[in-house]
Amino acid sequence: MLSLTIAIIILNLSLGLAILVQSKRGVDAGVFFLITLAFSALTIANYLSLTTDPNVALYWVRAEMFIAAWHTFLFFVFVHAFAKSHFEYSLKHSLIFTVPFIIILVISVSPYLFSAVALNKNGLVETIPGNLFPVFALWLLGTMFLSMRRVVINFRSSTGTLRSQWKYLLIGSCSTYLLLIIFNFILGGFLQNTRFLAYTPIFSLPILFATAYAIVKHNLFDIKVLATQAFVTIISIFYLVRIVVATTMTDRVIGGVIFVTTVFFGFLLIRSVKEEIRAREKIALMAKSLTDTNWELAKSNEQLRIIDKRKSEFVSIVSHQLRTPITAMKGYSSLLLEDSYGPITDAVRAPIEKIFVSSKRLAEMVTDFLNISKIEQGTMTYTLTPVDVGTMITDLTEEFIPVARLKNIRLQADVPTSEKFIVNADDGKLRQVLSNLIDNSIKYTPQGGVDISVETLLERDLILIKIKDTGIGLSQEDIHHLFGKFTRGSEGQRHNTDGSGLGLYVAKKMLEAQGGNVWVDSEGPGKGSTFIIELHKEGEN
C-alpha cells in the first residue's frame with residue numbers, strides 16, 4: 001500500500017507541476033495544480049488513517065475530510081475558471097459559497113463530524129459519525145452537484161474544441177465523484193464499511209487525467225512535453241529510491257552515478273523536445289499565417305474580379321452609348337468634306353477636317369473599349385474561315401499609302417505572288433489587327449518607312465507577317481509590357497499623346513483567340529521596331 005501511495009503522490013504532483021509550467025492558459029492551470037496538491041495531501045492522510053491506533057486514526061480521518069472539503073471547493077472554482085483568464089468572484093459569491101465553506105472546514109476537524117473511531121472484529125477502523133455529519137455530507141454533495149451542473153451547462157452550450165474539453169471534464173469528474181460517493185460516503189460514512197477507504201487515492205485518477213487532458217486538448221506538443229517529463233521523473237525517482245534502500249556503499253555509489261546520469265540526459269531530452277516543439281509551433285504559426293494571407297488574397301481577388309466585371313459592363317454600356325453620336329459626327333463631317341451638301345469654303349474646311357480626324361480617332365478608341373469589354377466578359381465571337389493573308393496585306397498597304405505619303409515616308413509590302421498564304425481566321429478581326437499594327441508603325445515613324453513582308457515557315461507550317469519600321473524604336477523595358485492593357489512605350493508617349501494604350505492589347509488577344517501570336521523586336525530607342533505576327537496555315541490549327 002505504501003508503494004501505491006507514493007506512486008500516486010508522485011504522479012499527482014508531476015502532472016500538476018507539468019501542467020502549471022507548460023500551460024499558457026490562465027488561472028485554470030494554477031487551480032488545477034492546487035487540486036493535485038489537495039489530492040496528494042488526501043492520499044497521505046488516507047494512508048496514515050489506516051492505523052490500529054484509534055486516536056491517530058481519528059486525527060487523520062478528520063484531516064482527510066478537511067482536505068476533501070478543500071478539494072471539492074477547488075474543483076468548484078476550477079470549473080468556473082476553466083478556459084478563462086481570471087475567476088470572477090463577487091461579494092455575492094463570497095456570501096453564498098465562502099462562508100459555508102469556512103463553516104464546513106471547522107466542522108470537518110471537530111467531533112461533530114466524527115465523534116470517535118473504533119476497531120471492528122476484522123481489525124479495521126470504523127468511524128462513528130457526529131451530529132453534523134449529514135450537514136457536511138449535504139454541503140459536499142451539493143457543491144459536487146453545482147460543479148457538475150456547471151460542467152454539463154458549459155458542455156451543452158459550447159462548440160468545437162471547447163465542447164470536447166468540457167466532455168472530458170464531464171467524464172472524469174462523473175467517474176471520480178461516483179466512486180467517492182459509493183465507496184466513501186455511502187459504504188464508509190453511513191454503513192461503516194471501511195474496507196474500500198484504502199483505495200480512495202485511486203478514485204482520484206479519472207478526474208486528474210481527464211482534467212489534464214482537457215487543459216492541453218488539441219495541443220499535442222504540450223502532451224509530448226508532459227509525457228517526456230513524466231517519463232524522466234519516474235525513472236529518476238526509481239533510481240533515487242534505489243539509492244535510499246541500498247544496503248552497501250557500492251550499491252549506493254553505482255545508484256548515485258546512474259541517478260545523476262539519468263537526470264543529466266533526461267534534462268537534455270526534455271530540452272531537445274522543447275526545442276523541437278518550439279520549431280514545430282513556429283512552423284505551424286507560419287503555416288497558419290500563410291493560410292490566412294492566402295484566404296485574404298483570395299477574398300481580395302474575388303472582390304477585384306467583381307469590380308473588374310462591373311467596370312467592363314460599365315465600359316461596354318458607355319461605349320455603346322458613345323458610338324452612335326461619334327459615328328454620326330464622323331459621317332456628317334465626311335459628307336461635308338466631300339461637298340455632299342454643297343461647296344464649303346477653305347476657312348470652314350480646315351475645322352471640319354479636324355472634326356473628322358478627331359471623331360475617327362475617338363471612334364477607334366470606342367471600338368477598342370468595346371472589344372476589351374467583350375474579351376473580358378467572354379462574349380467576343382469569331383467566325384473562322386479561310387483567309388488569304390497575302391491579298392489582305394496588299395489591300396491594306398494600298399489603303400495606308402496615302403497616310404504614309406502625308407508623313408513623307410514610304411510604305412511597301414513584299415508579298416510573293418508564287419504562293420498563297422491561306423490561314424483559318426476571322427476575316428474582319430484579322431483585318432482589324434493588321435490595320436492596327438500598320439497604322440501604329442506609320443504613326444511612330446517620323447522618317448524612313450515601313451516594310452511589310454509575308455513568308456511561310458514550311459518546317460512548322462506557319463505564316464509570318466513582319467511589319468518593320470525605321471521609327472522611334474523601343475527599350476527592352478518597353479518590349480516587356482508593350483502588349484499590356486493601358487500601356488505604351490516611353491518614346492511613344494513623348495511623340496504622340498493621343499494613344500490609349502489599348503490597340504496592341506486588343507490585337508494580341510484577338511490573335512491568340514484565333515490560334516496566332518504577335519511580338520515585337522527592337523534594337524533600342526531610335527533604331528526602329530519589327531512587329532511579327534505568327535499564324536497557322538489553314539488546316540493546321
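Glycine is no exception: its Cβ is also placed from the backbone N, Cα and C atoms.
What TrEMBL records for 317-539 is domain 'Histidine kinase'. Residues or ranges marked as transmembrane segment by TrEMBL: 6-22, 29-48, 60-83, 95-119, 131-148, 168-190, 196-216, 223-241, 253-270.
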I need to check the long-range neighbours of the transmembrane segment (95-119): which residues 6 or more away from its ends have a CB within less than 8 Å of a CB in the stretch?
52, 54, 57-58, 61-63, 65-66, 68-70, 73, 76, 125-133, 135-136, 139-140, 143
Give residue numbers and ranges for long-range contacts of the transmembrane segment (131-148): same chain, 6 or more residues beyond its ends, CB-CB under 8 A.
65, 68-69, 72-73, 75-76, 79, 97, 100-101, 104, 107-108, 110, 112-114, 170, 173-174, 177, 181, 185, 189
Local confidence of the prediction over the domain 'Histidine kinase' (317-539), expressed as mean pLDDT:
84
